[in-house]
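Here is the structure we will look at.
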Amino acid sequence: MVLAIDRRSHTTKFEHLIDTGVNSGPERAYLVAVDATSADSVWSVEDSLNELGALARTAGAEVVGTMRQRLTHPESATYLGKGRVQELVDIEKQLNCDLIIFDDELSPTQQRNLEKILNARVIDRTALILDIFAQHARSREGILQVELAQMEYRLPRLSGQDVEFTRQAGGSRGATGGVGGAIGVRGPGETKLEIDRRRIRSRISELKEDIEDVRKQRAIHRRQRAAQAMPVIAVVGYTNAGKSTLFNTLTEAGVLAENMLFATLDPVTRHIVLPNHQEILLTDTVGFIHKLPTKLIAAFRATLEEVVEADMLLEVVDISHENAIEQSETVTEILEELEAADKPRVTALNKIDLVDDPDDVDTSLYPNAVPVSALKNQGLDALLETIARVLAESMEEVDILIPYRKGDLVELFHRRGNILKEEHLEDGVHIVGRIHRTLRGYFLSYSIAE
Ligand SMILES: Nc1nc2c(ncn2[C@@H]2O[C@H](COP(=O)(O)OP(=O)(O)OP(=O)(O)O)[C@@H](O)[C@H]2O)c(=O)[nH]1
Ligand SMILES: [Mg+2]
């Protein structure tokens, strides 16, 4: 996957350059990680490497081997220690590797040094994730956000020479094509470097402006939805947890759900009715992953605002995954970064059909957890009831007297609120009940409580 800019029209497109394997087989990738004793991650290096392998396969590569080194922290010059880098030179020859993928974001210096020593292409976890995002971006919003993230990633990594933005589709697997190929650029050439930097910077500002327009559009849509006065629930969770499958089952929408990482990039919103007849809006959105680059989160701000602005979160956890707990911790960390971790949350412990002994699942580890199978349609009534209950808990109590001429407001309360007491008095209908904060404004002026 390579980014190409048509300078005349200033439109951006992604060209698919990953070898599909029809002619010469998929690209052969070797994975490398440092097991840093200083890291405070809940993830083990094995699990992190397994996930890197899944990312590599999603991007279209074949994993031919892995290496890890235990260090206090990655070496600043070459990520791995000297001896291990030499070992890597032999391995890449033996295994005939096309690319070496590092499990952490490499600094520009590390990347340049490694590229000098190794023959295969050097890419890192961030470049790989960006590559998958680029493959899956469909909407204008998604494409703009991915391009911004790619440009931000590229800028500090430019080292002159060849920043020809456009490459030929279907090119060979030379030093620059294939998985993550658009990202690494090397060579001397000060003047050219300056020009390239300026060009990228100006593209970054253009993209930011375009994304700002997208953000404003989204804000308008949100305001329109707010006028419908339905609470918005954002479906969040680790990539591949089953968010889109659950979303489809609950809403009968035809969102793409696939066994691949980052199948969904664009948020979709649909309306559903809870068992207590309360109407809500459900939003499916992009998945999270550990070591998700902050720049990428920043670039996806327009999309992620759907999560930030939601009234409640429905977290989907793949409870059949051996790293379910680590994944959920990562989701919470990213929600904290987005300042959305304090919202009321219900957890769907999904893929329960794949768990040998569902009774052994410890639901107490997750907030308001309900075991479900989105695919087999199990546990969904209980899930909806829990959503209704948690939503009710986040409602505010009101004591109001609505005049008889405002019959529509009484009806609205009946549909969307929880009535604790209702009596028909001379001046109107007296209601004591709970209503979601998005609707409170309609009733405030009829309040009779202190
Ligand atoms: N067995 C089983 N598989 C499921 C269940 N729910 C989802 N899956 C499968 O899990 C895979 C991922 O599902 P998606 O719904 O695309 O997951 P997602 O969380 O939307 O993933 P991204 O959009 O990539 O972040 C698909 O192959 C689904 O068929 C379930 O309840 N049981
Ligand atoms: Mg999805």
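In case you wondered, yes, glycine gets a Cβ from its N, Cα and C as well.
Annotation source TrEMBL lists GTP binding site at 237-244, 262-266, 284-287, 350-353, 373-375. DSSP classifies A263 (GTP binding site) as coil under the three-state reduction. In the shown protein chains, 20 other C-beta atoms lie within 10 A of the C-beta of A263 (GTP binding site).
The annotation Mg(2+) binding site is assigned in TrEMBL to S244, T264. Counting only same-chain residues six or more apart in sequence, the Cβ atoms lying under 8 angstroms from the Cβ of T264 (Mg(2+) binding site) belong to H136, K243, S244, V255, L256, D284, T285, V286, G287.
The coiled coil annotation in TrEMBL covers 190-224.
The annotation domain 'Hflx-type G' is assigned in TrEMBL to 231-395.
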Can you check what DSSP calls N240 (GTP binding site), collapsed to helix, strand or coil?
coil
